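The active site, proton acceptor annotation in Swiss-Prot covers D676. Under the heading disulfide bond, Swiss-Prot lists C48-C56, C315-C323, C353-C361, citing similarity to another entry as support. Residues or ranges marked as repeat 'LRR 4' in Swiss-Prot (evidence: a curator's inference): 131-155. Here Swiss-Prot flags 157-179 as repeat 'LRR 5', drawing on a curator's inference. The repeat 'LRR 6' feature in Swiss-Prot is assigned to 182-206. As annotated by Swiss-Prot, repeat 'LRR 7' applies to 208-232. Taken from Swiss-Prot, the feature repeat 'LRR 12' applies to 387-410. According to Swiss-Prot, the feature repeat 'LRR 13' maps to 411-438. If you look up Swiss-Prot, you'll see 21-460 marked as topological domain 'Extracellular'. According to Swiss-Prot, the feature topological domain 'Cytoplasmic' maps to 482-886.
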Amino acid sequence: MIAKNFLLLLCFIALVNVESSPDEAVMIALRDSLKLSGNPNWSGSDPCKWSMFIKCDASNRVTAIQIGDRGISGKLPPDLGKLTSLTKFEVMRNRLTGPIPSLAGLKSLVTVYANDNDFTSVPEDFFSGLSSLQHVSLDNNPFDSWVIPPSLENATSLVDFSAVNCNLSGKIPDYLFEGKDFSSLTTLKLSYNSLVCEFPMNFSDSRVQVLMLNGQKGREKLHGSISFLQKMTSLTNVTLQGNSFSGPLPDFSGLVSLKSFNVRENQLSGLVPSSLFELQSLSDVALGNNLLQGPTPNFTAPDIKPDLNGLNSFCLDTPGTSCDPRVNTLLSIVEAFGYPVNFAEKWKGNDPCSGWVGITCTGTDITVINFKNLGLNGTISPRFADFASLRVINLSQNNLNGTIPQELAKLSNLKTLDVSKNRLCGEVPRFNTTIVNTTGNFEDCPNGNAGKKASSNAGKIVGSVIGILLALLLIGVAIFFLVKKKMQYHKMHPQQQSSDQDAFKITIENLCTGVSESGFSGNDAHLGEAGNIVISIQVLRDATYNFDEKNILGRGGFGIVYKGELHDGTKIAVKRMESSIISGKGLDEFKSEIAVLTRVRHRNLVVLHGYCLEGNERLLVYQYMPQGTLSRHIFYWKEEGLRPLEWTRRLIIALDVARGVEYLHTLAHQSFIHRDLKPSNILLGDDMHAKVADFGLVRLAPEGTQSIETKIAGTFGYLAPEYAVTGRVTTKVDVYSFGVILMELLTGRKALDVARSEEEVHLATWFRRMFINKGSFPKAIDEAMEVNEETLRSINIVAELANQCSSREPRDRPDMNHVVNVLVSLVVQWKPTERSSDSEDIYGIDYDTPLPQLILDSCFFGDNTLTSIPSRPSELESTFKSGQGR
C-alpha cells in the first residue's frame, strides 16, 4: 500500500512539472505587459500552446520568441533572462518601450533582433555570458547615450552586429576587428551614431566583410587615417561616408573581393592609388566631397559606377590624364608629410605657380618653397632635389623627424635651407654656398648607433659649444658697435630720409617674396624705418580686384574697408582713407603715426599690418576678421542667417573688448583713447573672440577734421555727455561707450534706434529706467538668449556694471581694469593660447618671408604682447594681472 501511494505521488509531481514549466511565470508576465494586436492566441497558462510565434523544446522550455512585425506595444518584463533555453529573441519593428531587459547568461541565445522599436536603454551586462550569440540588431531605437559594453567581448561567436541610429557613442572596441577572437564576425553596422574615435591599427586577420560606419553625428565624428582597411582583406562592402577621416587612401591590392567603397564627405587627401581604380571586383565607388589630389582616377572595372561629384582637388577633370610634372613632384614631397589637409584645400588646378600656398615662382620655375610653421609631421622628401631652380627651402617650426636628405646638396642654386625647430637627427649634408639653419634639432637618431658614437660625439659637442659661444660673443660685440655707430649717425642727420638701400626690403615676385642676389629688388613691399610693412598699391589693387564694390566690407568716417585676398588665399582688410581726412597731414607725420599704431599689439586689438602711400592714396592693411562686426551678430543675426549669441559668448566678447581697451588705456607703451568704441568697431574671428578695431585713427585726422557727422570723433548713442558737450577727452569717454555696448549685449537693442517709441529711442536712458524697476528688468533682456538662474545672476551683475560705466559723471565711472576684474570673475574658464615669439630681427620680421606669410606672421606676432610692447610700469603690479593673460 505504501509503495502504491509513493508511486502515485511521483506521477503527480511529474504531472505538475509538465503542466508548470519553469518558463510559465516569465511568459505570462510577458503576455500581461504587452498590448497585442490582432489575435495572437496567447490564451491559457502554457506558453508552449500559444501561437506559432512562441516555440518550445521537448522539455517545455521556451526556445524562441518571434513576435516581430506584430504591431505590439508595451514594455518587456525584467525577468526574460530566466528563459535559459532561449535561442531566438525577435521583437523587431514593433512599438515596444522602456529598457531592454538583461539577457545575461543565456548561453544558448543565438539571435537578438530588437531593432525599430522605442527602447530607451541597454543594460551594461546585456551581452554577458552570451557565448552562442551570432546575430544582433538594435537599429533605430532612441536609447539614452550608451557605449558598446565590455560584456560584448564574451560574444565571440558573433556573425553580424548592427546598431544603426541608436545613439551609440564613444569608441569602437578593438577586439571586434581581431580575427583570432572574433573569427566569425562578417558584418559590422554602426552608422548614424555619435562615435568619435580613431580606428585601432594593431588588429590582425579581421574577417569582417561588410563595414558600415557612415553618418556619425556631432563635431568630432570618426577621424584619423583609414589605412586600417588594408588589413581587412575580406571586405566586400565599405561605407564610411560623412565622417572626418583624413590622410591618404590605403593600398587596396589585398582587397580582391571589394565590391562597394563609399568614403564621400570626409577629408581624405593625396592621390587615388592605382590599386583601387584597377580593382576588377569593384562595382560601386564614391569619392566625392573629399580633398583628393593628383590625376582624376580612371576606373577600369567593366560595370563600375564611379561617383566623383563634389569637392576634390584633382589637377585635371579628364580621368587618367597626368598632372604637370611640377604638381607630381610637389605631391610626392607632401606625401612624406602625410598629405596635410591645408595643402589639399589650397592647391587647386594644374599650375603650382598660380598661387599655391607656400610656392613662389620665377616664370614657370619654382624658386621658393616656404612651409614654415604649418604643423607638418613626417620626413623631408628627397624629391625637393627635383626642383633645380630652388633658391629657398623653409621648413622651420614644424614637427619633422628623420634626416636631411643628401640629395638636397645637389641643388646648386639653393641659397637658404631653414629646418630649424623640428625633430631632425643625423648628419647635415655638405652644402657649397647654402646657408643652413638647423637650430633646435639633432638629438641622437633612434638607429642603435648612438652608443658607438657617444665618446666621439662628446668631444664634438664640447668643441661645438665653445665655438658657438665664442662666435656669439664676437657677433654681439660687432652688433653693439654697429648699432652704436648707426645711432650716432641718426643723431647727426635727423632729417635724412632712408633710401631703398638703407631700408630692409622684401622682394616680391608674382606677389610673393623671392630671393634676389643683391637682396634688394622689386617695389611690391618693403619695411619702413619703423619695421612696419609698406605695401605697393598694385598688390592691394590685385587683392581687392581694383577696389571692386563687391569687396566692400563696410563704410566709416575714415573711409571704405575692402576685403582683399592675396594670391595664395590669405585674406586681408584694406581701409582706403578718404583724401579729405588726411590731406592736411604731412607724409612724415602720417608715417610716424602709422608706425606707432603698428607697434600696438594685443590679442584683443585688430592687427594693423602695414600701409600704402602712393600719390593721393593712403591705405591701411589690417588683419581680416572672418565673422565681421559685433553689430552683425547682435542686431542683424536673423537677416544674416546666423545663430543668436548665447549669454556665455556675449560675456566672453565683453571681456575681450574690455581687455583690449584696458591695454590701450594703461598697458601699452603710450596711452590711447579710442573715442569711437561701438559694435561696428568690434570684430570677431572664427573662434568668436573679439578684437577692437580703429583704435587711434582719430590721431590720423588733423585737428578740426570731422570723422563723422559730428565735430568730434564718435557716434551718437555712445558719446559720453562731457565729450559731446565740451569735447573734453579722458579714458572715461571709452568707459562710457563700453557701458552702452554692455547694454546692447544684454538687450539686443541699438544704442540709438529712431524706429522705437520716444521713450525707448536712447538705449542708455531706457536701460537705466528698466534696471531700477527690478520687476520689469527681465523684459529688457534679449529674448534670443536662453536665461536660467545661473545666467540671470551674471546678467544682473553685468547690468549693474553697464550702469556704472555709463554714469553721467566721469568720476563715477570705473577704470577699465576694474571692468576687466568684474568680467573675469564671471567668465568661468578662460585660458589664453600660449605662443612663443621667435624674432628674426629687431622687428620680429623675417625678410625672406613671402608677403602672405608676413601677414600671417604679423597676426601671430600680434598675439604676443610681451614681445612687442614694453612691460607695464612696476607700480601697476599690485593692481593689474598680466595685460596679456587676464
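We count from 1, first residue shown onward.
Positions of Cβ are set from backbone N, Cα and C atoms, glycine also.
Not measured: the values here are computed from a predicted model.
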May I ask for the residues of the chain that lie six or more residues beyond the repeat 'LRR 7' (208-232) and have a Cβ under 8 Å from a Cβ within it? 160, 164, 172, 176-177, 185-201, 238-252, 254-255, 257, 262-263, 268
Positions whose Cβ lies under 8 angstroms from the repeat 'LRR 5' (157-179), at least six residues beyond its ends: 115, 131-148, 150, 185-197, 199-200, 202-208, 210, 212-213, 228, 232
Please average pLDDT over the repeat 'LRR 7' (208-232) for the predicted structure. 91
Calculate the distance in Å between the alpha carbons (Cα) of C323 (disulfide bond) and C56 (disulfide bond), and round it to a whole number. 68
If you measure from the Cα of C315 (disulfide bond), which of the recorded positions C48, C353, C361, D676 is the nearest? C353
Whole-number answer please: how many Å between the C-alpha atoms of C48 (disulfide bond) and C361 (disulfide bond)? 84
Within 10 Å of the Cβ of C323 (disulfide bond), how many other Cβ atoms can you find? Include all protein chains, please. 21
In whole Å, how far does the CA atom of C56 (disulfide bond) lie from that of the residue listed as 'active site, proton acceptor'? 84
Among all the protein chains here, how many other CB atoms are within 10 A of the CB of C56 (disulfide bond)? 19
